[in-house]
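Participant: This structure is in structure tokens; I'll ask about it shortly.
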Amino acid sequence: MAKKPVMLAILDGLGLSDHKDGNAFSLAKKPNLDKIFKEYPHTVLGASGLSVGLPDGQMGNSEVGHLNIGAGRIVYQALTRITKSIEDGDIFKNEALLKAIDNAKNNDSAIHFMGLLSDGGVHSHIDHLKGLIDFAAKSGVKKVYVHAFLDGRDTAPKSALTYIEDLEKHMAEVGVGSIATVSGRYYAMDRDKRWERIELAYNAMVLGKGEVATSPKEAVERSYHDNKTDEFVLPTVIEKDGKPVATIKSNDSVVFFNFRPDRARQITRAINDKEFDGFKRETLNLVFVTMTEYDSTIEGVEVAFKPESYVNTLGEYVSKQGKKQLRIAETEKYAHVTFFFNGGVEEPNQNEDRALIPSPKVATYDLKPEMSAYEVTDEVLKRIDSDEYDMIILNYANPDMVGHTGVIDAAVKAVETVDECLGKVMDKILEKNGALFITADHGNCEQMIDYSTGNPMTAHTTNLVPFAYIANDAKEKELREEGILADIAPTMLQSMGLEVPKEMTGKSLFK
């Protein structure tokens, strides 16, 4: 018997804003989305700050958004957990961090803090780094070094010097710490197996090889002079008296203070995995601490804040009911519809199929704003036609990934591409008498100009995101206001005729 699939299409990075300037969503020709918002029940959802377990006013992101949607409850984020631990002083009792501190003291060796120097709060937070430096100083560690990855994506494109000055001031106040290397996140935080990028960052941190500067400021200013913003600063070794300030050596301790896993895995593997073959590198004997668990298969690392587990996520619960589901996305967002959507669990649920469509190999996605949306659409249409699936979770990466480039014309094209694809998906779901829910995980492409400066804005926003219900019975349904991302899973379960498990604290959006 043909199934009536219930599908969730996540339009990544598509928020709502009344501002027309720099708003790729409102500038785009989008007949299908216009029709949806005119003819079908729709509402708006909170996707940032307290609504998703982040500090008040903190912009949402893809990881957090998918965790909350999949869990059907507010998931308190690593950012909030770590900040609280520092404020409460609990961090001084953290076993993994104590191991790193003790190793440096016992061997009279160095402790290196590596990570994204930013207050973006997506991958890291500068306040966590300051807390770690305070911990090292109070513990009597003298050799304290920072390997700073520069942001410019979750912060303004040319804001690195502000964070460098802030950090250097803090280190001067506590009396320990120097910046040893700087590297744009494009290199140090690649997640697409572009090992040549990771290698440049590795060479700077471990071998002391690469671009050279006498100060972090010099490295950044030189990069700006070459028209490279923070994200693209070439990995640079900071030298003093003609020698590197510090390199990572055997018997040192390393703390990687990024809390978001996806862009932290590759460089962690490059330093730690015995079987690593991405490029030639040293074998080091280190105490290496990751702030959170980046991947349970990474060898030889200590985890400071171990994952919390979530029972009865949407995928797990639907699986327990004997239903079959599909997760589909292109490479850039595949981890989000699988690992993050399942509450940080790598293993698929029973009867959970996955379709990974490769993202195009381009330097930046403004060069191909369509990304792989057409290929994702072709595949999902085939899968819907197979009549196998009760639930389908799909992600279109374009509004977010192209939004991050700051190139507004490309972002408009990205929205138009997704709109075209959505039209085909909508027609197919209605033909099958199924239900299609449309939402986003956070905002981005709807504000691509910093209204205070007029400069391009490449970061996410705190704007509300859309939520719409498309089905043949949609005219009989109404959606309530003041919802959050955690309310989506209970809504979908109601649409599937399933009870909501007690672990889900989200509430259905149907009135």
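The count begins at 1 with the first shown residue.
A Cβ is built for glycine as well, from the same backbone N, Cα and C atoms used for every other residue.
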Participant: Return the residue out of SER51, SER62, SER386, SER495 that Swiss-Prot annotates for the same Mn(2+) 2 site as ASP12, ASP441, HIS442.
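Facilitator: Answer per Swiss-Prot: SER62.
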Participant: Starting from the substrate binding annotation in Swiss-Prot that includes HIS123, ARG153, ASP154, ARG191, ARG260, PRO261, ASP262, ARG263, LYS333, which of ARG185, ARG269 is the extra site residue?
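Facilitator: Candidate in the recorded substrate site: ARG185.
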Participant: Using a 10 Å cut-off on Cβ-Cβ distances across all protein chains shown, tell me which of the binding-site residues (ARG263, HIS442) has the largest neighbour count.
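Facilitator: Going through ARG263, HIS442 one by one, the largest Cβ count within 10 Å is at HIS442.
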Participant: Let me know the most crowded of the binding-site residues, choosing from HIS123, ARG191 and counting other Cβ atoms within 10 Å.
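Facilitator: Highest number of other Cβ atoms within 10 Å: HIS123.
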Participant: Measure the Cβ-based neighbour count of ASP154 (substrate binding site), defined as the other Cβ atoms within 10 Å of its Cβ.
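Facilitator: The answer is 21 other Cβ atoms.
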Participant: HIS460 (Mn(2+) 1 binding site) has how many other Cβ neighbours within 10 Å of its own Cβ?
Facilitator: 31
Participant: Round to a whole number and give the Cα-to-Cα distance in Å for the pair SER62 (Mn(2+) 2 binding site) and ASP400 (Mn(2+) 1 binding site).
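Facilitator: The separation of the Cα atoms works out to 9 Å.
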